Amino acid sequence: MQKLEVQLGERSYPIFIGESLLDRPECLLPYIRGRQVLLVSNETVAPLYAERVRKVLADGGLTVAEAILPDGEAYKDWQHLNLIFDALLAARFSRKATLVALGGGVVGDMTGFAAACYQRGVDFIQIPTTLLAQVDSSVGGKTGINHPLGKNMIGAFMQPRVVLADTTVLRSLPDREYSAGLAEVIKYGLIRDLPFLEWLERHMDGLMARDPALLAEAILRSCRNKAEVVAADELEQNDLRALLNLGHTFGHAIETAMGYGSWLHGEAVATGMLMAADLSWRENWISHQDVARIRTILVRSGLPVVPPPVSPDEFLRHMAVDKKNIDGRLRLVLLRQLGRAVVTDEADRGRLVATLMAGEHLGQA
Ligand SMILES: NC(=O)c1ccc[n+]([C@@H]2O[C@H](COP(=O)([O-])OP(=O)(O)OC[C@H]3O[C@@H](n4cnc5c(N)ncnc54)[C@H](O)[C@@H]3O)[C@@H](O)[C@H]2O)c1
Ligand SMILES: O=C(O)C(=O)C[C@@H](O)[C@H](O)[C@H](O)COP(=O)(O)O
Ligand SMILES: [Zn+2]
């Protein structure tokens, strides 16, 4: 088992990464302060893994209630967030309750937001069960729900007390979801860790075969990158944390335009990162070879690299509500070079439209 720490003063917390952690009380029980626990999961994950977590909690003498959400990005909304509050109130849970999120990023984001809101804030714990959630969403405390007009528009920063990434649960993850997680892994290489990008290029075949040692290393290096960024800029007050948004301005526009759930978040981010790379090339920052290299690793990871048929106008309309924008100015994360991302509000409008229109030509010779 590997242990990392997200260094945030009194809100610091560990990330445990390893096999069969779901059954290890020492990774869970010490991080629960009261006696009441609400286990939040969804209709897909709960039948697979909830019993093991329930047993650890019950053997620890805790009172366990459950909220089982419908499965899907389409349910990351107000109405279904309320199911968590319904369960908390039905069980008469107090301010000393702890919420445990068992699932992917949707369950994690919703559970964290519910924890931030319930009685003005209770503890929560992340047990991420997708690759994407293990390498990204469970770490760093961004929680929230979608609005029909924009992705993750309603939310709060709320750090978990512990993150428990059990790598064995990834065996049941569908291939498409596994690839979606690799998009956020590749992101760390592109924005700040060129050696990691090169390592991913060397080992992508093994990673696609889900080699356990390679997978554990990819998760560890991803979490280390994320923990460092979050420690440096927890609340996205300067442009450090915003770098984690590479590809997301385009990606969130794709998710919103296509209807939540049609494109997976990781898929939209993958295509969005290639769009960001294409624009970085048009700005003369990276070479066309670099863009082609990014396209290649995304394709090898089973990810889409051609945007859906969304018009430039519609893209720009969705991008105009991005949370990074200031005073109506579009701010994008672009690549100054491979392995070094920057935030800029100076991208040329004409070049941006060219990227939005490039379609299948992105990163092609
Ligand atoms: N808070 C953050 O920092 C952050 C970071 C990245 C993404 N996100 C958010 O995370 C969400 C995407 O998360 P996701 O990719 O995990 O999607 P998800 O939560 O929808 O899970 C993907 C699918 O896999 C299923 N699943 C989960 N674990 C499984 C397992 N072990 N075996 C079999 N099936 C399993 C789920 O039921 C679901 O159908 C988006 O809403 C995105 O905005 C948040
Ligand atoms: O943790 C962050 O910061 C990120 O930007 C990670 C992203 O991968 C993630 O998708 C996040 O939810 C996006 O945040 P948002 O503020 O753009 O909604
Ligand atoms: Zn993301």
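The backbone N, Cα and C atoms fix where each Cβ goes, and this holds for glycine too.
What TrEMBL records for 68-179 is domain '3-dehydroquinate synthase N-terminal'.
The NAD(+) binding site annotation in TrEMBL covers 71-76, 105-109, 129-130, Lys142, Lys151. Secondary structure at Asp109 (NAD(+) binding site), as computed by DSSP, is helix.
With DSSP classes pooled into helix, strand and coil, the tally for the domain '3-dehydroquinate synthase C-terminal' (181-325) is 103 helix, 0 strand, 42 coil. Positions annotated as domain '3-dehydroquinate synthase C-terminal' by TrEMBL: 181-325.
Annotation comment: TrEMBL describes Glu184, His248, His265 as Zn(2+) binding site. Long-range neighbours of His265 (Zn(2+) binding site) (same chain, six or more residues apart, CB within less than 8 Å of its CB): Glu73, Gly105, Leu132, Ala180, Gly251, Glu255.
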Query: What are the other residues, in sequence order, whose C-beta lies within 8 angstroms of the center of the C-beta atoms of Glu184, His248, His265 at the Zn(2+) site?
result: Leu132, Asp136, Ala183, Lys187, Gly247, Gly251, Gly266, Ala268, Val269, Gly272
Query: When DSSP states are grouped into helix, strand and coil, how many residues of the domain '3-dehydroquinate synthase N-terminal' (68-179) land in each?
result: 50 helix, 32 strand, 30 coil
Task: May I ask which residues of the same chain, at least 6 positions away in sequence, place their Cβ under 8 angstroms from the Cβ of Thr130 (NAD(+) binding site)?
output: Gly103, Gly104, Gly105, Leu170, Leu173, Glu177, Ala180, Gly181
Query: Around His248 (Zn(2+) binding site), how many other CB atoms lie within 10 A of its CB?
result: 27
Message: For a Cβ distance below 6 Å to any atom of ligand 2, name the binding-site residues from Tyr75, Val107, His248 that qualify, or say none.
response: His248
